[in-house]
Protein chains: 2
Amino acid sequence: MKDKRQTIQKGLVWDAVTNTTNHPNAEQIYERIVEKHPSISRATVYRNLNSLVEEGKVKRVRVLGGPDHFDHTLRNHYHIQCIHCKRVDDIELFEDINLSEQNIDTSGYTLESYEIVFNGICPECKNKRAAQ
Amino acid sequence: MKDKRQTIQKGLVWDAVTNTTNHPNAEQIYERIVEKHPSISRATVYRNLNSLVEEGKVKRVRVLGGPDHFDHTLRNHYHIQCIHCKRVDDIELFEDINLSEQNIDTSGYTLESYEIVFNGICPECKNKRAAQ
DNA sequence: ATAACTATTGAGATAAAATATCATTTAGGA
DNA sequence: TCCTAAATGATATTTTATCTCAATAGTTAT
């Protein structure tokens, strides 16, 4: 009845998500790990990311029209994606919004959740474009 | 210098998006058209949907982790997706929210837009599950 | 109405993101 | 150390969408 083994690969995935200030996607995590551990498989990275999300240790940041990103910050917050370089960063609302069934006409649906994705231009891309 | 030809296929795609109360995705639009016009190609459906969106005649409704849906209602509003059957419907906020750079710490980003996707259980799926 | 030009189409290949399959490896308890 | 099943690596498959390119068909000029 003992499940969930601790593997080297799972540790590597965890490290790759944790030791970064931004929010990498699965491919970026794979690329970072494969540098020092060339035998790791992409499938293993995806599998371990899913496990970590299931275990609540990592958050999946879904964006519109692109691959999922991953975040080890568990505090509730939102994300913004750069429309140019696609990087994802945290975003804070000064006062949290309240979107509950009281202020929405859900046309018969039972509301379960909502996700907000912000889009913008990151500082680096602003500089690049200003430099041109 | 004459571009943009009106084709039968484009008309069929337009009809399929318009003559429906819900918000079909590209595959559903293809399936509807192919019944009566078996020679239409999936690529043509995708291409014409993109054209219609570019021309501002149809709105692309992006959802998290699934195919895009399409909406011929141009009025500004939000959408909710059923977590079970994946259908998409309109949703109204009683008072519109205001997410501008004034009430967000954008960590250096220039805010361009945001999208909200609601998730819930549609009336049909609620009934199905109640009946069991 | 006909010809000519080229945008659009249909069919299939390709791409991107993620999951599934399966033989092999390995973590961890006995 | 041995055993067993969980996890891995390699690859195939799935899903959503775009790309390629020869053939077709709108549109304009004649």
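Note that Cβ sites are derived from N, Cα and C of the backbone, with glycine treated the same way.
Unlike curated entries, TrEMBL annotations are predicted automatically.
As written in TrEMBL, here are the features:
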- B:CYS82, B:CYS85, B:CYS122, B:CYS125: Zn(2+) binding site (BINDING)
Intrachain C-beta neighbours of B:CYS85 (Zn(2+) binding site), sequence separation six or more, cut-off 8 angstroms:
B:CYS122, B:GLU124, B:CYS125
Counting Cβ atoms within 10 Å of each candidate's own Cβ, which of the binding-site residues B:CYS82, B:CYS122, B:CYS125 comes out highest?
B:CYS122
With CB distance below 8 Å as the criterion, list the binding-site residues among B:CYS85, B:CYS122, B:CYS125 that sit near chain A.
B:CYS122
In three-state DSSP terms, B:CYS85 (Zn(2+) binding site) is classed as coil
